[in-house]
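Worksheet for the structure shown next.
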Amino acid sequence: MRFLPCIATLAATASALAIGDHVRSDDQYVLELAPGQTKVVTEAEKWALRAEGKRFFDITERASSLELASNKKQKLAVTYPDSVQHNETVQNLIKSLDKKNFETVLQPFSEFHNRYYKSDNGKKSSEWLQGKIQEIISASGAKGVTVEPFKHSFPQSSLIAKIPGKSDKTIVLGAHQDSINLDSPSEGRAPGADDDGSGVVTILEAFRVLLTDEKVAAGEAPNTVEFHFYAGEEGGLLGSQDIFEQYSQKSRDVKAMLQQDMTGYTKGTTDAGKPESIGIITDNVDENLTKFLKVIVDAYCTIPTVDSKCGYGCSDHASATKYGYPAAFAFESAFGDDSPYIHSADDTIETVNFDHVLQHGRLTLGFAYELAFADSL
């Protein structure tokens, strides 16, 4: 993932034809570059845009619709707590976060040649990750907790791990599992250690620790919690679009979604003489949920936040936003200080600062627990 503000310039020159007017041949893709602004490109042109740092929704499979998802009716705003309510419990849970687990999972996960969503590697890496999630569930002894693949039109499946609560009100924690080498998308080496292996291990470890809480494991939390591992993010938020479109169609009651995309690179920040921080994205997010996210960081992390912007369609939280669900996004730094190695063979585990990943794990765990037990959402 890399997001640049110049997408606005591109969007201004893009065709604003209604989606229903597009006719797609086998090698053409419909991209949404900004709300209501679309462009038809070849696959080569699509990846060229990504290599330039442009971000977009690939809405090719939604091109028969006369209405963009971004124009759908927005859901009612959610009111979040203005302070943490479960500090003692969460602080005790935080002690169980194990930094070694990040590396134990990330090492083999980044050893797949790539995790390209259209490839056999993408399929196998998703199956491998599903196995790891199932191991955590089995070891926890929690009843009713599941992990299921969410199938798409491409080989890689998204994964949804669900911890049922007393209601269908749902809290979503997300990260994307695919990786890409933009010099050779289908065949190039793409370890994807930071982008977004770091986000995957962040929410996976939070999932493990959350299940050690007796009330959570017994299904006694007021709200349901889901952990999403999205496929096809690099191709235009493909997996998360499919999921949140379905959730919208089924009137799923998602009260909050937090995305973790790149949580491990700090050298850009420290080399610039800035304090290590958690980046809080402020565009294309829910303002109230973002304020609550800062409350969580203040309470449960030991480093500060820094506000930043990432542009349109920069990660999977944008899919939640598009379908009317409140979403927030925590990032490894301010935009511009993030890893320069992503989308290449150099995005390796050696570039990941696991102490920083641990900070994101703390905020993920706090966010999940506080909202799981928020009975006024």
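Backbone N, Cα and C atoms are what each Cβ position is placed from, and that goes for glycine too.
Take the Zn(2+) 2 site that Swiss-Prot assigns to D195, H343: the candidate from E148, E226, E234 listed for it is E234. Annotated pair C314 (disulfide bond) and E234 (Zn(2+) 2 binding site), C-alpha to C-alpha distance, rounded: 9 Å. Ranked by how many other Cβ atoms sit within 10 Å of their Cβ, the glycosylation sites N87, N288 place N87 at the bottom. Comparing Cα positions, H343 (Zn(2+) 2 binding site) lies closest to D195 out of the recorded positions N87, H176, D195, N288. Listed binding-site residues: H176, H343; maximum Cβ neighbour count within 10 Å falls on H176.
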